[in-house]
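Student: Okay, here's the structure, questions in a sec.
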Amino acid sequence: MPTTGQPRIGVFALQGDVREHLATLRSLGCEAIGVRRPEELATCDALVIPGGESTTMAKLARIFGLMDPIRERIAGGMPAFGTCAGMIMLADRIVDGAVGQETLGGLDITVRRNAFGRQVDSFEGNLHMTGIEGPVHGVFIRAPWVEEVGPGVEVLARVEGGEAAGRIVAVRQGALMATSFHPEVGDDARVHGLFVDLVRGA
Ligand SMILES: NC(=O)CC[C@H](N)C(=O)O
C-alpha cells in the first residue's frame, strides 16, 4: 500500500514498451516503477502490461516467477491495464495464439491475435472511448481485437470506419482495463487517466 497520496503503479518490465508507460503515468502524478520481480510487484497498487510481444512476455513471466504472483494479485482485485500485447496477456482466451500460449487472464474476453491482418497490420485512426471527451488517436501495431466479451465486460471503444469498423478495441471489467491500441505512444495521457481514476477508486 502506498505511503504517499499518489498510487504506486507498476509496469511489467520484462519485455515491451515500458518507458513510454512509465513516462505517461508519471506525467499524471503517479509513482511508477518497472516490475521484474515478485518483490517489486508486492509494492504496487496496480499494474500496467505494455505493448510488445505476448508470447515472449508469457515465457519471461514464467521464467522470472511473475506469472502466478500477478494472477493472484489480479484475483485479489488489483487493478490492471493492458495495451496491445498487454490486452492479450489479460485475456482469458486467445484465438490465433501461439501453440500453448499462456496468459495471465482475468478479463472475460476472447482476443484475436494479429487480428487486423498482414497488409494493414499497423495503422492509426481516431476513435471515441467511453469516459473520454473528444476523439482519441489510436495507434495500432499488429494489434489484437476483442472477438467476444463475457456478460460482465463493458465495451469502451470500437474501430470507426474501414474494413474493421465495429471491432471492439477497448474494454473494462471491474478493475481491469485493456486497449488494442497504444495510448502510451504520443502525449495524450487521457486513457491512462481513466485507468488511474479506476485505481484511485479501487
Ligand atoms: N504492438 C503489440 O503489442 C503487438 C502484439 C503482438 N502482435 C502479440 O501478439 O503479442
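The backbone N, Cα and C atoms fix where each Cβ goes, and this holds for glycine too.
From a predicted model like this one, the values you see are computed outputs, not experimental measurements.
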Student: Of ARG19, ARG112, ARG113, ARG172, which does TrEMBL put in the L-glutamine site with GLY52, GLU53, SER54, ILE141, ARG142?
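Tutor: The candidate from ARG19, ARG112, ARG113, ARG172 that TrEMBL ties to L-glutamine along with GLY52, GLU53, SER54, ILE141, ARG142 is ARG113.
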Student: Where the record says GLY52, GLU53, SER54, ARG113, ILE141, ARG142 bind L-glutamine, what is the longest distance in Å from one Cα to another among those residues?
Tutor: 13
Student: Of all the recorded positions here, ARG113, ARG142, HIS182, which one's CB has the most other CB atoms within 10 A?
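Tutor: Per the Cβ count, the most surrounded site is HIS182.
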Student: Around the L-glutamine site formed by GLY52, GLU53, SER54, ARG113, ILE141, ARG142, which additional residues qualify by having Cβ within 8 Å of the site's Cβ center?
Tutor: GLY51, CYS84, ALA85, ILE88, ASN114, ALA143, PRO144
Student: Should SER54 (L-glutamine binding site) be counted as helix, strand, or coil on the basis of DSSP?
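Tutor: Where SER54 (L-glutamine binding site) sits, the three-state DSSP reduction gives helix.
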